[in-house]
Amino acid sequence: MPSYAYIGSLTHSLYAELMYRIAYFTILWHIPIMTSIISWNVNGIRAAQKKGFLEWLYTENPDILCLQETKARKEQLTSELINPVWKEGVYKTYWQAAKKPGYSGTAVFCKKEPLNIRTMNISAFDDEGRVLVADFETVSVISAYFPNSQEGGARLGYKLDFCAAMLEFCNALQKEGRHIVLCGDYNIAHTPIDLANPKANEQNPGYLPEERAWMDTFTQAGYTDTFRHFCAEPHQYTWWSYRFHAREKNIGWRIDYHCVDNAFLPNICESSIKADVLGSDHCPIKLVYKE
């Protein structure tokens, strides 16, 4: 028959183990889940694949990847692009191609399967593959390729229509009780700090007064440019012309963004530019948020 001392010692050990487990799971309960999103205008996903895109993806290992200007239909892609591997599995990939071959297009890669995938459901924009949305429990992640207004403002009207529709779309998602992460190539440098030569580009596509005014409207409507929330430094760019060694000289534009609704801003832990990553005339941008 066990002694009272042994029983007491055993009881004490079980109690200590129970307290340890309670403390351990209490700590786990309070550790936030971190989600990383990378957005990248790849300027042609098939060309990017030849330049090491899949190797970069495996190393970078984002939870969600938003691509713009994919320039391909799904049936034109390799199985490695449709089912890219990450360190513990295979990404689920979703593609929205333009009707015009080799033009525009967006995609979203996810480790975790979204609750829903959708577009803006506006044919003028869906036909150009401008937007793809992944809905998760409380967050909608939008991969968006905003139109270029083109020389002389040839498509400025179309672009401003897209911008207005995007704001309305984001507001509608919020009314569903969802937070917004609007990722992508906006084709707009918002302020003089966002491009190398603002004076020389005042009448050029991407820096037209009407485009910048829409960015003002967007932010005033309750959305924040997360990169500028963390960084006010100049010379931070995401796009460089292929001409005149612009990238080597860092003569660029910051036209790629992660914008979020203001209520979600306290959840944002990082918003950064990965200017050292090559393979496109744009570089990737990264966002990390806690759930």
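Even glycines carry a Cβ here, placed using N, Cα and C.
Since the structure is predicted, the reported quantities are computational estimates derived from the model, not experimental observations.
TrEMBL lists 22-42 with the feature transmembrane segment.
Over the domain 'Endonuclease/exonuclease/phosphatase' (38-282), the average per-residue pLDDT in this prediction is 98. According to TrEMBL, the feature domain 'Endonuclease/exonuclease/phosphatase' maps to 38-282.
Per TrEMBL, the feature Mg(2+) binding site maps to Asn41, Glu69, Asp185, Asn187, Asp281, His282. Spatially close to Glu69 (Mg(2+) binding site) yet at least six residues away along the chain are Asn41, Val42, Asn43, Gly44, Ser104, Gly105, Tyr145, Asp185, judged by Cβ distances under 8 angstroms.
The annotation active site is assigned in TrEMBL to Tyr145. In this view, Tyr145 (active site) is surrounded by 27 other Cβ atoms within 10 Å of its Cβ, with every protein chain counted.
Residues or ranges marked as active site, proton donor/acceptor in TrEMBL: Asp185. Cβ-based neighbour count (10 Å, all protein chains) for Asp185 (Mg(2+) binding site) stands at 27.
The site 'Transition state stabilizer' annotation in TrEMBL covers Asn187. Within 10 Å of the C-beta atom of Asn187 (Mg(2+) binding site) sit 24 other C-beta atoms, taking all shown protein chains into account. According to DSSP, Asn187 (Mg(2+) binding site) is assigned to coil rather than to any helix or strand.
If you draw a 10 Å sphere around the CB of Asp256 (site 'Important for catalytic activity'), it holds 24 other CB atoms from the protein chains shown. Here TrEMBL flags Asp256 as site 'Important for catalytic activity'.
Annotation comment: TrEMBL describes His282 as active site, proton acceptor. For His282 (Mg(2+) binding site), the number of other Cβ atoms no farther than 10 Å from its own Cβ, over all displayed protein chains, is 23. In the three-state DSSP scheme, His282 (Mg(2+) binding site) falls into the strand class.
According to TrEMBL, the feature site 'Interaction with DNA substrate' maps to His282.
Highlighted in sequence order, Asn43, Gln68, Tyr145, Thr238, Trp239, Ile255, Asp256, Ser280 have their Cβ within 8 Å of the centre of the Cβ atoms of Asn41, Glu69, Asp185, Asn187, Asp281, His282, the residues recorded for Mg(2+), and are not part of that set. It is 8 Å from the Cα atom of His282 (Mg(2+) binding site) to that of Asp256 (site 'Important for catalytic activity'). The least crowded of the binding-site residues Asn41, Asp281, judged by other CB atoms within 10 A of its own CB, is Asp281. Across the structure, Asn187 (Mg(2+) binding site) and Asp256 (site 'Important for catalytic activity') place their CA atoms 7 angstrom apart. Geometry remark: Asp281 (Mg(2+) binding site) versus Asp256 (site 'Important for catalytic activity'), CA distance 12 Å.
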